[in-house]
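Enquirer: Before I ask anything, let me first share the structure, which is written out below as C-alpha cells.
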C-alpha cells in the first residue's frame, strides 16, 4: 500500500466509479445473512417487503456485489507484492542451488539418503517459501477472489503439506527442485497482470505468451520428468517404499492435477489470442454485472428515444403539410409506433 498504491496512480491505473446501492436494511440483512445472489422467487418476495419493483431489487443486489469486488488499484497492489516475492524467491533458489549436484544430476537427490546434512542456505530457503504460503492462507479472505478460489485453497494446502513433510522426512533436495520450478513461471504471471491493469496491451500480450510457454514447459514437461519420475523410480533404486514415499507422491500428483487444470485454461486463452490477435480478460476473474446491464439498458433507452423522436418529427411534418391535427384519429403506443383507432 505504501509503494504500489501511489505507483498505480502515476502509471495511470484508475478505479471505475461504481454506483453504490441505496441504504436498505431489509435487503442488506438478506445479503449478509442469507444469500448474495437471490433467485427469482426470493427477489419477488423481497420486492413485496420493500415495496419496490423487482428490477430495482435485482439491481440493488448487483451493485452490492460489485462493492465487495476488489478495485483495480487493489489488484495492482497485490500483483506488485507477489511479483516482488516471486522474483526474490526464484533468484534466491537459483543462488542456493546453482552449485548443488542434484540440480544437474537428479539421481544425486538420493545419494546418502536419509542421512543428508541440512545446509543453512537450504534451511532459510525453505523458511522463506513456507512463510509465504502460510501468509497466503491467512490473507485468503482479504485477497482478490477469483473463479478458481477452491483450486487455490487445495494448491496452498498441498504446497504447505509438501514443504513441511519434505522437511520432516529430509526430502530437502526434491523440495528445493519443486519450489524453484514453480517460481519460474510465476515471475512472468504477475507482471502480465500489472501491464494488463495499466492498459499496455502489446506488452501484456507479449508477456502472456512468454508466461504461457514457461508455464506449460515447466509444469507439464520439466516437473513430471525432474520431480515425479525422480520420486517414483530413482528413489526405488536406493531404498524400498515406506509411508513417506506414498504420501509424498500423492501430494505431488495432486499438484500435477492442478497444473493440468490451469494449463487447460491457459491453452484456451492462447487459442483465442491466436484467433483474435489480442488477449482476452483473465478467465479466473469475475466481471462486474451492473456495468453490462446498465450499458444494455442505456442502449435500449437510446433506441426508444430515437424512435420517439422520429415519430414526433414525422407527426409535426404531417401537421405542417395538411394543416390539421391528426392525433384525434391516432394513438401513440409505448414503443413509439402509431396505430389507427
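In case you wondered, yes, glycine gets a Cβ from its N, Cα and C as well.
TrEMBL annotations: computationally assigned, not manually curated.
Below, the features straight out of TrEMBL:
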DOMAIN    27-71  domain 'Homeobox'
DNA_BIND  29-72  DNA-binding region
DOMAIN    74-275  domain 'TLC'
TRANSMEM  79-98  transmembrane segment
TRANSMEM  123-142  transmembrane segment
TRANSMEM  207-226  transmembrane segment
TRANSMEM  246-271  transmembrane segment
COMPBIAS  284-306  compositional bias 'Basic and acidic residues'
REGION    284-341  region 'Disordered'
COMPBIAS  308-327  compositional bias 'Polar residues'
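Let's see these features in context: how buried, what's close, how far.
Expert: Computed over the DNA-binding region (29-72), the whole-number mean pLDDT of the model equals 83.
Proximity of distant same-chain residues to the transmembrane segment (79-98), defined by a Cβ-Cβ separation under 8 Å and at least 6 residues beyond the stretch ends, is recorded for 3-4, 7, 121-122, 125, 128-129, 132, 176-177, 179-180, 183-184, 186-187, 190-191, 193-194, 197.
For the transmembrane segment (246-271), same-chain residues at least 6 beyond its ends with a Cβ under 8 Å from one of its own Cβ atoms are 148, 151, 154-155, 158-159, 161-162, 165-166, 169, 171, 174, 178, 208-209, 212, 215-216, 219-220, 223-224, 227-228, 231-232, 279-280, 283-284.
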Enquirer: Which residues, given as numbers and ranges, are at least 6 beyond the ends of the transmembrane segment (123-142) yet have a Cβ under 8 Å from it?
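Expert: Contacts of the transmembrane segment (123-142) (Cβ under 8 Å, skipping residues fewer than 6 from its ends): 85, 89, 92-93, 96, 152-153, 156-157, 159-160, 163-164, 167, 172, 175-176, 179.
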Enquirer: Helix, strand, coil residue numbers for the DNA-binding region (29-72) per DSSP?
Expert: 32 helix, 0 strand, 12 coil
